[in-house]
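Novice: Just dropping this structure here.
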Amino acid sequence: MDKVYVEGMEFYGYHGVFTEENKLGQRFKVDLTAELDLSKAGQTDDLEQTINYAELYHVCKDIVEGEPVKLVETLAERIAGTVLGKFQPVQQCTVKVIKPDPPIPGHYKSVAIEITRKKS
C-alpha cells in the first residue's frame, strides 16, 4: 500500500484531564499517514486520483482546535475516523498525537500516542 504523509502539524487546543489544560490550552503536534493506492495519480498526474494534503491538514486542524476532550486518544480516534470516512480511497491511516508540554513533572521531550485504523 502506498502512503501519504502529513507530519509535524502544530495546533493549539484545550484538551486534557486537568482544569489548567482546559483553561490555558497547550500545543499539540500531529503526524498523519494515509494509506491508499497512488498508482493512478502517478500515471495520470491528476490530483483527483489522490488525496489533497491541504484537506488532510484541515481535518486535523478542525479536530484539534475544536471541541475540547480529555484524552489525546480521543483526538486520534476522531482524526482517524474522519479521514477514513471522508476520503474514500484511504484504506488505512495512522495518527500520532504529541503533547510537547504536558503538565507532568520530569525531563522528557514529549509524550505521545499513536493509533492505526483500517476501513472495515
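Just so you know, glycine gets a Cβ as well, placed from its N, Cα and C.
A quick note: this is a predicted structure, and the numbers were derived from the prediction, not measured.
In case it helps, Swiss-Prot gives these features for our protein:
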type: ACT_SITE; residues: LYS99; note: active site, proton donor/acceptor
type: BINDING; residues: GLU21, TYR53, VAL72, GLU73; note: substrate binding site
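Walk me through where these features lie, including what they touch and how far apart they are.
Specialist: Taking a C-beta cut-off of under 8 Å and a sequence gap of six or more, LYS99 (active site, proton donor/acceptor) has these contacts in its own chain: GLN26, ARG27, PHE28, VAL72, SER110, VAL111, ALA112. LYS99 (active site, proton donor/acceptor) carries a strand DSSP state (E or B).
Following the DSSP three-state reduction, the secondary structure of GLU73 (substrate binding site) is helix.
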Novice: When DSSP states are folded down to helix, strand and coil, where does GLU21 (substrate binding site) land?
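Specialist: Its secondary structure by DSSP: helix.
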Novice: List the same-chain residues at least 6 positions away in sequence whose Cβ sits under 8 Å from the Cβ of TYR53 (substrate binding site), in sequence order, or say none.
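Specialist: TYR53 (substrate binding site) has long-range Cβ partners VAL4, VAL6.
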